[in-house]
Amino acid sequence: MTDAHHADDVRYQPLSEIDPEVAQAIAGELSRQRDTLEMIASENFVPRSVLQAQGSVLTNKYAEGYPGRRYYGGCEQVDIIEDLARDRAKALFDAEFANVQPHSGAQANAAVLMTLADPGDKIMGLSLAHGGHLTHGMKLNFSGKLYEVAAYGVDPDTMLVDMDQVREQAIKEQPKVIIAGWSAYPRHLDFAAFREIADEVGATLWVDMAHFAGLVAAGLHPSPVPYADVVSSTVHKTLGGPRSGIILAKQDYAKKLNSSVFPGQQGGPLMHAIAAKATALKIAGTDQFAERQARTIEGARILAERLTASDAKAAGIDVLTGGTDVHLVLADLRNSEMDGQQAEDLLHEVGITVNRNAVPFDPRPPMVTSGLRIGTPALATRGFDATAFTEVADIIGTALAQGKSADLESLQARVTKLAEQYPLYEGLEDWTIV
């Protein structure tokens, strides 16, 4: 076929020509990511190699089943890729078994519950209102509809998970599954204590490490793998990979977990996403990755310290638990004139993206909230060091402390300067099809 024919063939036209509306929106999103500071704790920036793997011809391939046992022909190359992803996941986390097919963290969690419990069985996880996740028993989620739920919470004085209270709740409720994990909790969990409690009441222990998996991979957070029967995770938060899920487990659960993922929860796996997972997991084993995770935690601690400064305290701002061990900080605005929505909007005006978040015992509605969840993974990926994190922490602290009286133009100029000092995706236009 000649070049002239290619020019009129929709198979060969670039996105900018075939669908300028979508291309323009993608370009706009690229500009947003470059020009603002991303501080949503569950977001990150994937490397060029991960973008390339996910945007590859693997998107064309159906591969129901598992390597060596597919229901389609032509799976020789995708078998290699899935085996690489599984082996890398097991090696990275020192796990006996890995399933890398879940399309998302929620899909992984659904498969875990299908494996460990029957509909109507009782599960026990951290309350959503106290920092848990939708899939740990929220009543509108499948986990709250299919299973009986007995949640545990945090201590009202310390805002920490009290293991004595967890034990009392477990003895009282006798759950089939105990869940350790969170989406908004700034401290380490005691996995050994959870294991002891699970053994005492005859429950299986499932740890959801979606948020802190990257810290575990870097050796900067206690690993749940030696203690849990099953561990699930996303790949796109601190791990910095594609939006997807993985499951790790003791070998005893392998067959049932595989069956719960396929055909239990999903049909064909997304092989382009699995390739991107494999690449992200390889990167997660490098010294560069570990150094980035160290900066992630350092940045969060710098932010927590700034939000406990005198001007923040005078404005009624507090930091949940007084600090952080991980990649996020929870700003407590219950005593502030601003609610979570107003604080989120204020930071958005100066070019910092965060998300409002309920705090334990929150008096405000869920769509308003009395808190902010602020994370550092994306900025650490961007290259931020202690000096840069100190600057962005001061921008946030000043904005929240001064509220409506803050000089937003000046704060926005400081954000722009940081974004320019730490450029993102340089040359991206040259190596994508946009």
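Even glycines carry a Cβ here, placed using N, Cα and C.
What Swiss-Prot annotates here:
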- Leu128, Gly132, His133, Leu134: (6S)-5,6,7,8-tetrahydrofolate binding site (BINDING)
- His236: site 'Plays an important role in substrate specificity' (SITE)
- Lys237: N6-(pyridoxal phosphate)lysine (MOD_RES)
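A simple way to gauge crowding: the CB of Leu128 ((6S)-5,6,7,8-tetrahydrofolate binding site) has 23 other CB atoms within 10 angstroms, across all the protein chains here. Each of the recorded positions His133, His236, Lys237 was scored by the other Cβ atoms within 10 Å of its Cβ; the lowest score goes to His133. Sequence-distant neighbours of Leu134 ((6S)-5,6,7,8-tetrahydrofolate binding site) (same chain, 6+ apart, CB under 8 A from its CB) are Ala106, Leu128, Leu140, Asn141, Ser143. Listed in chain order, the extra residues whose Cβ falls within 8 Å of the Cβ center of the (6S)-5,6,7,8-tetrahydrofolate site residues Leu128, Gly132, His133, Leu134 are Gly125, Leu126, Ser127, Gly131, Thr135, His136, Gly137, Met138, Asn141, Ser183.
Counting only same-chain residues at least 6 apart in sequence, those with a Cβ under 8 Å from the Cβ of Gly132 ((6S)-5,6,7,8-tetrahydrofolate binding site) are Gly125, Leu126, Met138, Ala151, Ile179, Gly181, Trp182, Ser183. Annotation note: Gly132 ((6S)-5,6,7,8-tetrahydrofolate binding site) sits in a coil segment as assigned by DSSP. Across the structure, His236 (site 'Plays an important role in substrate specificity') and His133 ((6S)-5,6,7,8-tetrahydrofolate binding site) place their CA atoms 16 angstrom apart.
Lys237 (N6-(pyridoxal phosphate)lysine) sits 14 Å from His133 ((6S)-5,6,7,8-tetrahydrofolate binding site), counting Cα to Cα.
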